[in-house]
Amino acid sequence: MTDKRKDGSGKLLYCSFCGKSQHEVRKLIAGPSVYICDECVDLCNDIIREEIKEVAPHRERSALPTPHEIRNHLDDYVIGQEQAKKVLAVAVYNHYKRLRNGDTSNGVELGKSNILLIGPTGSGKTLLAETLARLLDVPFTMADATTLTEAGYVGEDVENIIQKLLQKCDYDVQKAQRGIVYIDEIDKISRKSDNPSITRDVSGEGVQQALLKLIEGTVAAVPPQGGRKHPQQEFLQVDTSKILFICGGAFAGLDKVISHRVETGSGIGFGATVKAKSDKASEGELLAQVEPEDLIKFGLIPEFIGRLPVVATLNELSEEALIQILKEPKNALTKQYQALFNLEGVDLEFRDEALDAIAKKAMARKTGARGLRSIVEAALLDTMYDLPSMEDVEKGVIDESVIDGQSKPLLIYGKPEAQQASGE
């Protein structure tokens, strides 16, 4: 760099890249015979960030897991529901394959495959959606359909769902457009009859109408902060056609609708198939036979059902499945409490009889896997309260009587350190 002197008394330093003097910039960083200013450093960072953004999609394309890999990952965290896992694995794989290869393939437009999960409370609907998002490393948000209303009414706008998704990825629109949205309690926004409503139904059919475009694909204008309260803010444009929507609900009573259709279709008179009570299909078997007409009778509008072409049904969890859930998944409940006790230096053992008792209680409460934590928490509350103040506890043992509230956990004490030292 050519030296430039000022008044012949000292050097005036210049940035080797943009030519600005040390007085025109905030900072000038010196290297071997060269200088760079803070403005040029910022510019270099911007260039590198743009390069990374361009490279990222190519990395993602090669990293898309196959349906088998998705299913295997779900097996690590979700017990049972084999058919639902297979349906989800294929639907999710096809959705992200569509995103990474464009919406068309050889001139054929690829449709959007949103998913409807039907199953009782605590059967694993939410966990399946969360696990998928974690595997694919995409933003994930949950919404409760019962809190949603049409725009202009008291309650949450459907656009707030997209705002929550943006919050999860620091308002990065590109990331949000690859995200997963799970809308729970979707059965609660069914209309009261399968005939069009005469009066305004702002939290039922009205919400279904409001969700239609969002789920199918539209460019939603979402303010970065707040919904209706800050209309003056600059809106973010989010293309929802690239977002995977998974809707879930218990659909209590849907089995009766299906049963009526199946029995009506089996014939009447001399040609009718006579079934004994023992031949009646279980709720899970009936739900597996669900058709769009059943969902319409239940109260979903035809247009809304059309936006959810992939339907997966989940069975009510058996007692054996609940015991597996307690001990087998990577983040099993017993493993979580054992990790908590390990932080206090205490080993925690759950005997098989205790696991049986927990599962029986959950079955009696009809809460599925969701009720397991509250049962274990209640049984261990006093111990977790006292343990940090206790010394020399080495192990805790949980048996059936602890779960039934008849006794406290058996605590096994070790020798105090002073005694151990003197005994040696």
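Cβ atoms are placed via backbone N, Cα and C, with glycine included.
Per Swiss-Prot, Zn(2+) binding site is recorded for Cys15, Cys18, Cys37, Cys40. According to Swiss-Prot, the ATP binding site annotation covers Pro120, Thr121, Gly122, Ser123, Gly124, Lys125, Thr126, Leu127, on the basis of sequence analysis. Positions annotated as domain 'ClpX-type ZB' by Swiss-Prot: 2-56.
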Quick check for the class: what is the C-alpha distance, in angstrom and rounded, between Leu127 (ATP binding site) and Cys40 (Zn(2+) binding site)?
47
Residue pair Cys37 (Zn(2+) binding site), Thr126 (ATP binding site) - Cα distance, angstrom, rounded:
51
Would you mind checking how many other C-beta atoms are within 10 angstroms of the C-beta on Leu127 (ATP binding site)?
20
Let me check the 10 A CB neighbour count of Pro120 (ATP binding site). How many other CB atoms are there?
21
Which of these binding-site residues is closest to Lys125 (ATP binding site) if you go by CA atoms: Cys15, Cys18, Cys40?
Cys40
All-chain count of other Cβ atoms within 10 Å of Ser123 (ATP binding site):
27
Neighbourhood of the ATP site (Pro120, Thr121, Gly122, Ser123, Gly124, Lys125, Thr126, Leu127): other residues with Cβ within 8 Å of the Cβ centroid, in order?
Gly119, Gly248, Leu314, Gly368, Ala369, Arg370
For Cys40 (Zn(2+) binding site): DSSP state (helix, strand, coil):
helix
Rounded mean pLDDT for the residues that make up the domain 'ClpX-type ZB' (2-56):
78
